[in-house]
Amino acid sequence: MATPTDATTTSHAPAPAPAPSPRPRSADRWYRIRLFRGMINDVRRRAPYYVSDWTDAWNYRVVPATVYMYFANILPALAFSLDMFSKTDMQYGVNEVLLASVLGAVVFSVLACQPLVIVGVTGPITVFNYTVYDIMSPTGTNYLAFMCWIGLWSLVFHWVLAVTNSCNWLRYVTRFPCDIFGFYVAFIYLQKGIQVLERMGDEEPFYLSLVVSLLVFAISYVCAELGKSALFTHPVRVFLKDYGTPLTVVFFTGFVHLGKMEGVHLENLPVSTSFFPTADRGWFVHFWDISVGDVFLAIPFAVLLTVLFWFDHNVSSLIAQGTEFPLSKPAGFHWDLFLLGLTTGVAGLLGLPFPNGLIPQAPFHTESLCVTSVVADPDETGAGKGHYEFKATHVVEQRVSNLAQGLLTLSTMSSPLLVVLHLIPQGVLAGLFFIMGFQALEANGITAKLLFLVRDAALTPAGHPLKQIPRRAAIWLFVAVELAGFAATFAITQTVAAVGFPVFIFALIPVRALLLPRWLTPQELSVLDEPTASPFTMEGIGGSYGGREGMLDASADGSSGEDGTDRGKVDGSSGGMFRRSGDAAVSAGRRSEEELAELGEGRLRAPNAAGMRRMSSAVDEDGVEMLGMRVSRRGLASREGY
């Protein structure tokens, strides 16, 4: 029996202090970086598919994709080589550009986590190369040695970005900056075509070259359109789509020698000795033949190059794995950025233009590997209208087509094929620039919005996604910001400050994340913008930002429970790509987005009993195969304020 003293003591005993709640892990995630985590998980996710990446190549689509990408890669590269040949005093020529393309193709087809991405010499790097030449040439600096140091410093910066998981920030790269950059690249193609013709003077060679370039453009365009039409049989349409442009180049290379045209002297593509550099030098650059001051002067140029490649290559990867492609194998951005640094350093040591992901060739490659089926196009009542369209059922994901087109490019450096390349008139190359630029503009989101704005409203289909926006001024504002971003980027490339244009491109990301949400509602942004790649592709970098996150918060009719479960439903009426039906589901636990990205799990996942991610495919009302998965409304909407 307790004594009074005992009772008093017991009644006044202090209650045990509650256990301290665990500190939210996301509170200190901003400075905690798990080195190499992204790269390790990229390789871990992709490694189980490595054998199938080779065995899955036993498919007919690989053959036309290889031939198509060989010409789609090499022909613009030859045109860029002509541009750099004339603007860098023959420091870069055909062989350098071809070998740079081979380097990128071999490394990325064999070692990359994203082997569908075509790597080669792009328009932006062409501008970068001859702008550096214009800046450094008056100083008497060894140009190739200086470019080599730019490549070596950039290698270091690429590797730092790769091991610190910088690609997690790709979740903020939506269609907004991608469309602006694609718009810029398209105009670079068109500008280069015009510049090729300007070198012809104003007499017979100019007029013949002009006619040839326009004919190459027109026939290539007709072949592409016939490939998408209902005319002829399916094999004929596929043949025209896959081989129309290469055969057009072959035809007009001989066409200019018919009749009286043979007497007109046309400038051809300049070439050099087989497998040798264009200039009188060896393949290995004497990078020590430069002052110490110039070595460190190369650092700011290397920073700009790294910014350009981080954006350009990753955007190429995102677009090549876009939402319109039903992919089934995981991506790996961190590891591929590491490989890009390696190829940049090696290219500098060999005196090559730095290769990186190509736009629009990279998405063209994925598209050429799509297996399609015919889908009826019903009207608003569900009745058939007699129209149809092609929908991709799956993609032949493999490494052989990328490797094969690289080896074909290497064979082009042989003496017989260099002789053939020398026969190509520069007017034909101008036509190639025109068709590549036009096709890139045709597929661009800015073009689609402009066409909607100038289209007769009475003739616009009622189901058009942009008609969901009641404020037409919102569309004009969004397009105006996109055009302003394009204009600023394009304008600076016309000046000696062109070397700084990567800063303008990179600045588009915070413009989308910070400024546009102040001017447009979440519902409007969900229709006007969308994540670039599917949730499946974005898993390794923590999911996607933009597009649907605002719509989720605005349209859900319930609140989140204590466990993060979304009690509401989304009506699926968003114009963004990620439409879904059914209940929103539980979040992916208490871990932060950054942690999920570094762990390689991603923010969007559907755990099963075994703890593995499984995704079921669903077909939305437009017949596009999407990846159905459970998502957390709280996780998506929490980034609205960024």
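The backbone N, Cα and C atoms fix where each Cβ goes, and this holds for glycine too.
Summarising the annotation, TrEMBL assigns compositional bias 'Low complexity' to 1-14. According to TrEMBL, the feature region 'Disordered' maps to 1-25, 549-621. For 34-205, 206-531, the entry in TrEMBL reads domain 'Bicarbonate transporter-like transmembrane'. TrEMBL lists 67-85, 97-123, 143-164, 176-194, 206-226, 238-258, 290-311, 332-354, 417-441, 473-492, 498-515 with the feature transmembrane segment. Marked as compositional bias 'Basic and acidic residues' by TrEMBL: 590-604.
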Point to revise | Residues from the same chain, set at least six apart from the ends of the transmembrane segment (143-164), whose C-beta lies under 8 A from its own | key: 33, 35-36, 38-39, 88, 91, 129, 132-133, 136-137, 281, 285-290, 294-295, 297-299, 301-303, 305-306, 309-310, 334-335, 337-338, 340-342, 344-349, 351, 354
Exercise for review: Name the range, of those listed as 67-85, 97-123, 238-258, 332-354, 473-492, that has the largest tally of Cβ pairs under 8 Å with the transmembrane segment (176-194).
Suggested key: 473-492
Point to revise | Interface check, the transmembrane segment (97-123) with the transmembrane segment (206-226), three or more C-beta pairs under 8 A | key: no
**Study point:** Long-range neighbours of the transmembrane segment (238-258), counting only residues six or more past its ends (CB under 8 A)
**Key:** 64, 67-68, 71-72, 75, 208, 212, 215-216, 219-220, 222-224, 226-228, 232, 264, 266, 368, 423-425, 427-428, 431-432, 435
Exercise for review: Give me the stretch from 290-311, 332-354, 417-441, 473-492 with the greatest number of Cβ pairs under 8 Å to the transmembrane segment (67-85).
Suggested key: 417-441
Review point. Any chance the transmembrane segment (290-311) and the transmembrane segment (417-441) have 3 or more Cβ pairs under 8 A, given the pairs are 6 or more apart in sequence?
Key: no
**Study point:** Leading stretch by Cβ pairs under 8 Å, where the reference is the transmembrane segment (206-226) and the options are 332-354, 417-441, 498-515
**Key:** 417-441
Study note, to complete from the structure: Tertiary contacts of the transmembrane segment (332-354), defined by C-beta under 8 angstroms and 6+ residue spacing from its ends, are 38-39, 41-43, 45-46, 80, 84, 91-92, 96-97, 99-100, 103-104, 107-108, 111-114, 117, 119, 121, 125-126, 129, 144, 147-152, 154-159, 161-163, 165-167, 170, 277, 281, 283-285, 287, 305, 309-310, 313-314, 317, 540-541
**Study point:** Surrounding residues of the transmembrane segment (417-441) on its own chain - C-beta under 8 Å, 6+ positions past either end
**Key:** 72, 75-76, 78-79, 82, 94, 182-183, 185-190, 192-194, 196-197, 199-200, 208-217, 220-221, 224, 245, 249, 252-253, 256, 266-272, 274, 359-360, 411, 447
